[in-house]
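Enquirer: Have a look at the structure that comes next, please.
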Amino acid sequence: MEFLEAKEIQVGIAVAIVAVVATAAYLYTSKKNKVGSIDPENFKEFKLVKRTQLSHNVAKFRFELPTPTSVLGLPIGQHISCRGKDSQGEEVIKPYTPTTLDTDVGYFELVIKMYPLGRMSHYFRELREGDYMSVRGPKGRFKYQPGEVRAFGMLAGGSGITPMFQVARAILENPKDNTQVHLIYANVTYDDILLKEELEGLEAKYPGCFQVYYVLNQPPEEWTGGVGFVSKEMIQAHCPAPAPDIKILRCGPPPMNKAMAAHLDALGYSAEMQFQF
């Protein structure tokens, strides 16, 4: 009887040790997997595993991370530097913001608009599944912390939507973050609107927290959004009013950024209330 009791104690101890080791291994693996896959000083190679053409000049590129549980390791509001070659074979380095977050494990995605004369656009046009791209990062001055402001106003133009989408998605998908997001998104034509399906999905899922106002320079018939360029009146109507606990983010072509800065200054938004990507 004593022999059986001793045996049971030994088995119990062994099970406890196995459980402790398994838990420690899980915690170690989880912590290890949280380490980012990019380096701020050195370029690393990532394989293109899927290319999806979204329109005649826009495509989504999915790149594989080292393991199925790896994360990119990009702080919200920051970007990566991508390196390629232009049509003359010369090296080009340009910043891009992934549309994925670190909750998307094993891969990251870029939505790229390719311009006829763009040097990096040429590289992305030629990029095929199985090819590798050099990436360095994180880069950027903006690091979002949940709850740092009551509300964001966002003024985006063209491909400048990608950092806005990244920040908005991170806020909305965090149940502990109650920050309101008000986006004004400007383009030339309806077909130029990037991530429209994703933006509409966020609006539908988070109706009280996220609103988008589209502005087109050349709108189709029966268009109900804004027309022309983003005006002071549009900002007043669709962005939070100046206050110490709000911030307006800007990202678009240089002429738009300059015009938006002038509008915001005229409306009373201080320098501390503004940030340009």
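Any Cβ shown, glycine's included, is placed from N, Cα and C.
OK, TrEMBL features for this one:
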- 12-29: transmembrane segment (TRANSMEM)
- 41-145: domain 'FAD-binding FR-type' (DOMAIN)
- Pro95, Tyr96, Val111, Lys113, Met120, Ser121, Thr162: FAD binding site (BINDING)
Enquirer: Across the record's FAD-binding residues Pro95, Tyr96, Val111, Lys113, Met120, Ser121, Thr162, the largest CA-CA distance in angstrom?
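Expert: Across Pro95, Tyr96, Val111, Lys113, Met120, Ser121, Thr162, the two farthest Cα atoms sit 17 Å apart.
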Enquirer: Give me the long-range Cβ neighbours of Ser121 (FAD binding site): same chain, 6+ apart, Cβ under 8 Å, in sequence order.
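Expert: Listed in sequence order, they are Ile112, Lys113, Met114, Tyr115.
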Enquirer: State the count of C-beta atoms found within 10 angstroms of the C-beta of Tyr96 (FAD binding site), not counting that atom itself.
Expert: 20
Enquirer: Would you count the other CB atoms within 10 A of the CB of Lys113 (FAD binding site), including those on all shown protein chains?
Expert: 18
Enquirer: Using the CB centroid of Pro95, Tyr96, Val111, Lys113, Met120, Ser121, Thr162 as the FAD site centre, which other residues of the same chain sit with their CB within 8 A?
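Expert: Neighbours within 8 Å of the Cβ centroid, excluding Pro95, Tyr96, Val111, Lys113, Met120, Ser121, Thr162: Cys82, Lys94, Leu110, Ile112, Phe124, Ser159.
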Enquirer: How does the domain 'FAD-binding FR-type' (41-145) divide up by DSSP, counting helix, then strand, then coil residues?
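Expert: Tallying H, G and I as helix, E and B as strand, the rest coil: 8 helix, 48 strand, 49 coil.
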